[in-house]
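My questions all concern the structure below.
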Amino acid sequence: MNTSQLREKFKEVFGVEADHTFFSPGRINLIGEHTDYNGGNVLPVAITLGTYGAARKRDDKVLRFFSANFEEKGIIEVPLENLRFEKEHNWTNYPKGVLHFLQEAGHTIDSGMDIYIYGNIPNGSGLSSSSSLELLIGVIVEKLYDIKLERLDLVKIGKQTENDFIGVNSGIMDQFAIGMGADQCAIYLDTNTLKYDLVPLDLKDNVVVIMNTNKRRELADSKYNERRAECETAVSELQEKLDIQTLGELDFLTFDAYSYLIKDENRIKRARHVVLENQRTLQARKALETGDLEGFGRLMNASHVSLEYDYEVTGLELDTLAHTAWEQEGVLGARMTGAGFGGCAIALVNKDKVEDFKKAVGQRYEEVVGYAPSFYIAEVTGGSRVLD
């Protein structure tokens, strides 16, 4: 969607002209899954599937939200003085949370807004539509109210919204990738220290194909919080002998030597995934820096195997996509991405083989699962921004 279309749609809905238009990307994580809330390393990219917005300041204290993705909900009106979580306010709880925490941080938002939203991230796909929306709202408020914010502070407010307003115990990776994204670069982020590097992403004759299971996954209702609790318990058991706060601080030799302290087989598996995935992510960064895409692909495969057998967050749909992808010509690697339990997988595929790949994987998936997957090519882009 371009800026003139955005402005046109805004005027159709609200009857006035928008002040500005905005874009906030989605994200995929190339490798480093379920490590971000364990103090580990991640390697995400911001992508051109994302959330568009048009907005205008109002003279009163009323917030009016409209989403083209939830047209049936119409315009949702919220008084600026009432920024509490309310289930019936549906998707607007995300903007409300961001506004609430911006105010709590001392920023003056002294009037209402009209905000039009259009997203082309498939709902429930695990490509971070909620984080994309959170950062979009942050950028809108920055622009309309002339607030000067460090981008990292906005990223943290997005995470705070997810954790303390919506109630999902997620890490910081999604908001970080979306807020800090850069053209044709992956972000190597240490989630423990928030130190990061931009890693140039030269895929040569290959593209990242996103494979959507089309199985809806509600993060708050999934086993996400359960996995996090298992990891936290494993850390507390290891603390009997080790001075650590997170699993991300461990190398595999140390973990192996002290894993006997963990009193449950499942918790050992969960912790082992995190420790090894952390090492794979470091190796993947090196592979990208040296142009070793075959090595990078093998690490993607190993990541999926670990998520399937040790972390147990894949399921029939994601496994069918990844396993079938591995068998196709021109594929360097494939793995689930995001929280799992549905959502998406990604594959690194030779450009000339993409159509054959989609046909073969799509056919097999439909045979096994009973309905078709969707495919998208991921273009890497910069972070949340003002368009005009």
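Glycine residues also receive a Cβ, built from the backbone N, Cα and C atoms like all the rest.
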What does Swiss-Prot list, out of Tyr188, Tyr196, Tyr224, Tyr258, as binding the same substrate as Glu33, His34, Thr35, Asp36?
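Substrate site check in Swiss-Prot: besides Glu33, His34, Thr35, Asp36, the record includes Tyr224 out of Tyr188, Tyr196, Tyr224, Tyr258.
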Go through the recorded positions Arg27, His34, Asp36, Glu162, Tyr224 and tell me which ones have a CA within 10 A of the CA of Gly126 (ATP binding site).
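So the list is Arg27.
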With the substrate site defined by the record as Glu33, His34, Thr35, Asp36, Tyr224, how many Å span the farthest pair of C-alpha atoms?
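Result: 12 Å between the two most distant Cα atoms.
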Sequence gap of 6 or more, C-beta under 8 Å: which same-chain residues meet both conditions with respect to Thr35 (substrate binding site)?
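Those within reach of Thr35 (substrate binding site), by Cβ under 8 Å and sequence separation of 6 or more, are Asn41, Val42, Thr191, Gly248, Val274, Glu277, Asn278, Thr281.
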With Cβ-Cβ distance below 8 Å and at least 6 positions apart along the chain, what are the contacts of His34 (substrate binding site)? List them in sequence order.
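Long-range Cβ contacts: Arg227, His273, Val274, Glu277, Leu307, Tyr311, Val313, Ala339, Gly340.
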What residue among the recorded positions Glu162, Asp174 has the most other CB atoms lying within 10 A of its CB?
Asp174
